[in-house]
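Database features, via TrEMBL:
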TRANSMEM  12-30  transmembrane segment
TRANSMEM  75-93  transmembrane segment
TRANSMEM  100-121  transmembrane segment
TRANSMEM  127-152  transmembrane segment
TRANSMEM  173-192  transmembrane segment
TRANSMEM  212-230  transmembrane segment
TRANSMEM  251-271  transmembrane segment
TRANSMEM  283-301  transmembrane segment
TRANSMEM  362-380  transmembrane segment
TRANSMEM  429-450  transmembrane segment
Amino acid sequence: MGVKAALPRYELYFYNVVLCMAMLWAARWISDVSNSNSNRKTFKTSVQTGWYYSGRKMDAADVEWMMWFSTFREHIIFALSGHVIFAKICTLLAPQYRSLVFMVYGMLAVFTSMGWAYVTLILSHCVLLYSISLVKLRWLCFAAGLTTLATFKMEPFISWQAGFVIGSFELRPLLFYGGCGFTIMRCLSFALENCERKDGNYSILELLKYNFYLPFFYFGPIMTFDKFYIQANNPTLTRKDGEMWNISIQALLNLGVIIIVAVILHFMYILTIPSDMKLLKHISDWALVGLAYLNLVYDWVKAAVMFGVINTVSRLDHLDPPKPPKCITMLYVFSETHFDRGINDFLCNYVYNYLGGKHDNVLDELIASLCTFGITALWLGPSWVVFIWAFLNCFGLNFELWTAKFFTMEPFISIEMAISESMSRRIRAVFNTFNFWTIVLYNVLALNSLEFAKLVAMRLFLKGEVLVISERFKCILKTKRFYITVITML
């Protein structure tokens with residue numbers, strides 16, 4: 001009963017139409033701001049020359065997006081295409097050795113792009129954590145893994161390890177930290193799975209096969225070792241009916257989304273505008289809130305496309321990678337708020353579910369969530385913004401549990417059982433409105449800046465036609481954005 005209950009189809013159509021109209025209205029404001037301020041001084045570094053035939057400049061503030069689909073597009077396509085070709089040849093000739101071919105090609109690609117010293121550094125971390133995994137103590141594996149991860153987040157260890165990469169090129173920092181960070185997490189997954197194995201130990205060769213799988217090496221997503229080991233060593237390479245057709249459709253869909261995003265970045269500078277606080281103070285509430293919302297939608301689309309490209313390659317290798325993240329429009333609870341399902345699965349398997357059990361005890365849930373967000377903060381890189389984001393999300397996750405337990409008490413449970421399922425969903429949507437916008441604000445904080453998040457919060461909650469009426473311990477919020485948010489909840 002409740003949030004999973006279906007609403008009438010015509011009602012859902014109405015909500016979707018209103019939501020689309022609201023987003024188009026906000027997008028019109030953002031487009032006008034982008035057109036009238038394209039020559040501002042603050043835009044010169046991030047707004048660059050776009051497509052020649054468009055006659056417009058393009059928002060190039062997102063280095064990661066530009067790297068994938070503009071600056072180093074040819075290099076990435078070449079590396080992944082080579083992987084697909086060699087993997088297909090091996091699958092046809094000697095499928096029992098395909099995981100070994102994955103490893104060899106991955107090591108050669110890493111060696112070509114970063115040099116032998118970097119490969120040696122990666123191997124040293126693999127050997128270290130493999131040796132510790134032989135002791136089969138979970139706490140020791142966690143301590144070693146997190147300590148090793150911390151060496152890439154603090155000086156002087158960062159500079160010392162970065163010195164292993166010879167030469168200088170634009171992509172070097174991103175490849176260095178991406179490869180090292182994901183290597184530590186994969187080694188930690190391997191170590192924890194080795195602790196759970198009752199008969200003997202996994203070989204270090206299995207760890208190297210797991211770590212040097214090229215599609216996942218630099219940018220993820222993280223696929224836990226237990227899943228990768230079973231799938232990569234599966235001798236039966238058969239596909240379900242229509243699977244290749246679905247893979248092809250997914251590849252074309254990713255290509256279409258890439259083109260659509262590129263077009264949008266030519267007309268709406270949604271990534272650059274949040275950095276200009278002087279400009280933001282003069283735009284309307286609609287434009288500001290729409291800008292914050294579109295920033296989150298863009299980040300979801302970027303993650304979905306980047307992981308979608310990687311997932312397409314890995315599905316060709318008969319693997320079942322983590323699914324793309326859940327769209328921000330579909331989020332209304334903190335327990336489902338994640339942009340990287342690989343990291344989310346890793347933390348749930350080894351930390352959150354392990355410590356939280358059935359998640360029905362308040363103290364266990366608090367300890368599990370604190371440990372989970374502590375590791376997340378270390379993974380993202382300790383900073384005040386990350387700490388604030390982690391604290392607020394941790395509080396939101398626990399507050400949901402406390403609220404859920406409270407409303408399972410009488411008379412609330414009897415009231416919900418007495419009403420229809422669809423009405424229960426509508427009521428939950430109203431109460432989840434504040435929850436939704438706190439999720440938006442917390443992630444705006446992580447993606448943009450503290451100043452931008454504060455400005456959005458001030459405009460959203462303290463301005464913008466907010467009228468609070470107290471009537472028998474109830475509050476009715478009369479705002480345009482409130483109604484639109486209720487619609488997204490439904």
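Any Cβ shown, glycine's included, is placed from N, Cα and C.
Automated prediction, rather than curation, is the source of TrEMBL annotations.
Under 8 Å from some Cβ of the transmembrane segment (173-192) lie the Cβ atoms of residues 63-64, 67, 110, 113-114, 118, 121-122, 125-126, 129-130, 132-133, 138, 141-142, 144-146, 148-149, 152, 161-162, 165, 202, 206-207, 210-211, 216-220, 222, 224-225, 343, 346, 350, 379, all in the same chain and six or more residues away from its ends.
Highest Cβ contact count with the transmembrane segment (100-121) among the listed stretches 127-152, 212-230, 283-301, 362-380, 429-450 falls to 212-230 (criterion: pairs under 8 Å). A contact links the transmembrane segment (362-380) to the transmembrane segment (127-152), because at least 3 Cβ pairs that are 6 or more residues apart lie under 8 A. Sequence-distant contacts of the transmembrane segment (283-301), counting only residues of its own chain at least 6 positions beyond either end whose CB sits under 8 Å from a CB of the stretch, comprise 22-23, 25-27, 29-30, 33, 257, 261, 268, 270-271, 273-274, 325-329, 339, 440-441, 443-444, 447-448, 452, 455-456, 459-460, 463-464, 480-481.
Panel annotation: around the transmembrane segment (127-152), residues 158, 161, 177, 180-181, 184-185, 187-188, 190-192, 194-195, 201, 204, 207, 375, 378-379 of the same chain, lying at least six beyond its termini, place a Cβ under 8 Å from a Cβ of the stretch.
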